[in-house]
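Record features, source TrEMBL:
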type: TRANSMEM; residues: 38-60; note: transmembrane segment
type: TRANSMEM; residues: 125-145; note: transmembrane segment
type: TRANSMEM; residues: 165-185; note: transmembrane segment
type: TRANSMEM; residues: 197-216; note: transmembrane segment
type: DOMAIN; residues: 240-288; note: domain 'Kazal-like'
type: TRANSMEM; residues: 311-337; note: transmembrane segment
type: TRANSMEM; residues: 349-372; note: transmembrane segment
type: TRANSMEM; residues: 400-423; note: transmembrane segment
type: REGION; residues: 442-467; note: region 'Disordered'
type: COMPBIAS; residues: 454-467; note: compositional bias 'Polar residues'
């Protein structure tokens with residue numbers, strides 16, 4: 001009896017020298033939907049820029065030099081000692097009554113955070129400005145996240161072309177808008193009321209630009225088996241099925257989307273679904289309305305009439321919309337800083353950025369993504385499981401995608417209007433005076449009352465809530 005031979009082990013992966021020639025012989029180009037470029041290049045570039053820019057942060061001193069106001073010192077010298085003597089940090093800046101003492105323990109400083117946060121959020125101007133900023137950022141986070149995909153579907157662009165156009169137009173225009181917004185605030189010396197009026201005007205103009213997007217787009221066009229039946233694009237009530245008698249023996253797969261445009265002006269999901277029996281995309285059996293010798297297809301979707309002109313108009317409006325919409329950022333920050341006392345400005349900015357990330361960056365992409373998926377016409381399948389959407393209803397996609405952005409912009413305008421009403425009716429209550437002190441309001445009078453009544457505070461609070 002012969003001994004069995006060696007048991008074969010698991011298959012080893014091919015070495016890199018073998019895989020490279022195989023990858024180099026792929027007959028696809030960047031215009032092919034299956035093309036995957038160097039996606040990691042952007043991360044390396046951004047990481048390098050962040051690293052080198054962080055080196056400049058080491059140039060800041062450990063603490064800033066103290067700044068003294070001669071007029072304030074002379075005024076304090078004329079008052080009794082008990083009137084102006086306040087606990088000061090090492091840099092000489094007066095501390096807010098609700099600001100935690102640096103000498104207090106970590107637990108005591110954490111206990112005062114809810115009180116400071118409640119004090120800030122109880123200011124309607126501060127709260128409305130933060131929520132309006134969240135709505136503005138939500139438009140950017142949700143709309144811009146899917147803008148490349150939107151351009152691909154609406155205007156039949158490739159992924160690389162869509163991303164390049166966005167990088168060369170929308171982003172530079174947004175940067176220019178931020179600069180122009182700050183320049184206008186400085187040149188016009190806008191007060192808080194002027195800044196909120198500017199934010200309202202900018203919001204209205206940018207919303208009008210988004211409304212124009214509802215009319216700038218292209219239709220999905222006829223797609224065999226998805227929007228129109230095979231063989232007759234005008235037959236009403238026919239069953240829509242990507243599989244037909246002309247391609248039943250081709251064993252076509254739906255795990256990828258490689259559209260081709262037939263000589264009959266109809267888009268097919270792939271050359272296989274068009275019934276092509278050769279690699280040169282000729283002799284396609286599903287093109288029944290054209291002579292057999294002309295039954296050919298070309299890669300890509302069939303172009304829609306007037307789509308190129310609509311895309312150029314969309315690109316111009318997008319540049320204007322990005323620039324004007326970004327001009328509202330500087331006025332919003334100016335108003336937010338002027339509604340809080342100098343001692344709480346840093347914490348107020350921290351609350352702003354926290355809420356921007358919680359409300360402005362996390363929910364909007366989920367909302368936009370769910371809305372976009374609801375307009376899908378055809379899903380890819382892989383091993384019997386549903387994959388990604390490969391074909392959308394462009395009209396429904398455009399209306400839903402743009403309408404969500406318009407709704408967010410409208411909410412921001414309502415919040416800006418509420419802020420304007422509060423400032424117009426009681427300006428001195430919400431805006432601090434020129435020296436940065438507290439204005440007369442019931443809220444701040446209550447704080448001053450707590451300062452003059454130390455017996456009403458617990459011993460633990462007296463160590464970190466001081467004047």
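Note that Cβ sites are derived from N, Cα and C of the backbone, with glycine treated the same way.
In TrEMBL, annotation is done automatically, which means it is predicted and not curated.
Sequence-remote contacts of a segment are chain residues at least 6 beyond its ends whose Cβ falls under 8 Å from one of its Cβ atoms, and for the transmembrane segment (125-145) they are 166, 170, 199, 203, 325, 328-329, 332, 335-336, 339-340, 348, 351-352, 355-356, 359-361, 363-365, 367-368, 401, 404-405, 408-409, 411-412, 415-416, 418-419, 422-423, 430. Note on the transmembrane segment (165-185): residues 144, 147-148, 151, 157, 195, 198, 202, 315, 318-320, 322-331, 334 of its chain, located 6 or more positions outside it, place their CB under 8 angstroms from a CB of the stretch. Across the domain 'Kazal-like' (240-288), the DSSP tally of helix, strand and coil residues reads 0 helix, 5 strand, 44 coil. Sequence-remote contacts of a segment are chain residues at least 6 beyond its ends whose Cβ falls under 8 Å from one of its Cβ atoms, and for the transmembrane segment (311-337) they are 125-126, 129-130, 132-133, 136, 139-140, 151, 154-155, 157, 165, 169-171, 173-178, 180-182, 184-185, 190, 192, 195-196, 198-199, 202-203, 205-206, 209-210, 212-213, 216-217, 345, 348-349, 352, 419. Averaged over the domain 'Kazal-like' (240-288), the predicted model reaches a pLDDT of 79.
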